[in-house]
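Colleague: A single structure is presented below for examination.
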Amino acid sequence: MSCNYADGLSPYEHKGVLGVPEKFDSIEKFEEKCKLLANLLKESKHVVVHTGAGISTSAGIPDFRGPNGVWTLEKKGKKPSINISFADAIPTKTHMILKKLVECNKVQYIVSQNIDGLHLKSGLSRKYLAELHGNMFVEECNLCKRQFVRSSPVETVGKKCSGVPCASGLTGRRPCRGRLYDGVLDWEHSLPENDLLMAEWHSSIADLSICLGTTLQIVPSGNLPLETVKYGGKLVICNLQPTKHDNKADLVINYYVDEVLEKVMNILALDIPGYSEADNYIKQAENKLIDWTISKKDVLSMEKVYKAKCKGVKKLRVLLKSKREDVTSNENDIVKDKIIKLEIKNEIKTEV
C-alpha cells in the first residue's frame, strides 16, 4: 500500500506543496484539448510520456500531494480511506493505453516516477521504460547491479538488503557473489544511473513530452520534460492540480487522465486493450526468472542518437544566456527577451 511505502521512508520535511485544490476544464474545453493532443501525437516523431502517481489513483492507490493524498492527510494526522495493496492493484485504463501507444509506435518512451509496479503488470517492456524512483516488485544486486522482478512486493524500502543471493548465474552469465537489495529509493538516494540517462536522452531528443498525473515537484524527475522544451519540442501537461511547469507548456489539460486518453484513443481510432494476466511480468516471475536490467546495448545506442541529434545545442544555450544578460527588466526589454528565446529555439530546431 502506498501509505505503507510512505511510512517506510526516512523522515523528510520538504515534501512539496500539498493539498492544492483540483480544477476541471469544461466539457467543451476538454474535448477541444483532446483533439489538440491527438493531433500532436499524429504529428510528432519522438514522444516521451512522464507518469506520476495520478495515473494510479483509479486503481485504488492514493497519490501523495492531492487533496486526499498520503502526505496531505499525513500532515493532518490522517490516513487515506481507500488504499489497495500493491499486490492486488491492477493496471488502469491509462497504463493499458500507454502500452498500446508504445506498440503502435505513437509513443517512444515512458519515464515513470511510480513505484507501484503497474507498468510491469500492464506488460510494458523494459526497453521502453525508465523507473526513476524504483519499483516495489524489483530487486537489484549490490555488485553486478542486475535487476530482477519479484512475484510479490519487497518487504523494505530504501535499498535494504534482503539477504537473497544474486541470481545472475541463472541467466547464463558468470555467477555473482552479490546480494539482492530492494530497488525503492529513499529521499536522499541518487536516481538509478541508466534509468536517468535514458530518461534524459529521450526527453532531449523528443519533439513532444506528455506529463500525466504529476505535479512535477520532485527533482530531477520533474524537470526532465523541460529538456524537450529546451531543444525545441512541445510540452503537454495533464493533471488535476496546477504544476510548476504549466507556464512552460504548450497545452495544459485539467481532467481525469483515464478519460483524456480514452478520448484521444477514440479520435485516433485505436482500440484500448484490456488487462491480461498473461502479459503481467510480476505474475510471470512466479514461474521463471525475469531480468529487469536495462540493456547496455540500448544505453549505448541511445547515447549515439542523443549526441547526433543534440550536437551544437549546448553552444546555442550559452548564446541564449549571454543575450539574456544584456536585457534589462523594463517592459520593452521583456518583449525583446521573448523574441530572443524564440530566435534561439528556431536556431536549435535548425541545428537538430
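For all residues, glycine too, the Cβ spot is worked out from N, Cα and C.
Just so you know, TrEMBL annotations never went through curation; they're auto-generated.
For His133, the entry in TrEMBL reads active site, proton acceptor. Residues or ranges marked as Zn(2+) binding site in TrEMBL: Cys141, Cys144, Cys166, Cys176. Residues or ranges marked as domain 'Deacetylase sirtuin-type' by TrEMBL: 27-271.
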Colleague: For Cys141 (Zn(2+) binding site), list the number of other Cβ atoms lying within 10 Å of its Cβ atom.
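Modeller: A count of 21.
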Colleague: As a test of the contact definition, list every same-chain residue at least 6 positions from Cys166 (Zn(2+) binding site) whose Cβ is closer than 8 Å to its Cβ.
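Modeller: Looking at Cβ-Cβ distances below 8 Å from Cys166 (Zn(2+) binding site), excluding near sequence neighbours, one finds Cys141, Leu143, Cys144, Arg146, Pro175, Cys176, Arg177, Gly178, Arg179, Leu180.
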Colleague: Note down the number of other Cβ atoms within 10 Å of the Cβ of His133 (active site, proton acceptor), including every protein chain shown.
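Modeller: Taking all protein chains shown, His133 (active site, proton acceptor) has 18 Cβ neighbours within 10 Å.
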Colleague: Starting from the Cβ of Cys144 (Zn(2+) binding site), draw a 10 Å sphere and report how many other Cβ atoms land inside it.
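Modeller: I get 16 for this one.
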Colleague: Within 10 Å of the Cβ of Cys176 (Zn(2+) binding site), how many other Cβ atoms are there?
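Modeller: Around the Cβ of Cys176 (Zn(2+) binding site), 18 other Cβ atoms lie within 10 Å.
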Colleague: Relative to the mean position of the Cβ atoms of Cys141, Cys144, Cys166, Cys176, the recorded Zn(2+) site, which additional same-chain residues have Cβ within 8 Å?
Modeller: Asn142, Leu143, Lys145, Arg146, Ala167, Ser168, Arg177, Gly178, Leu180
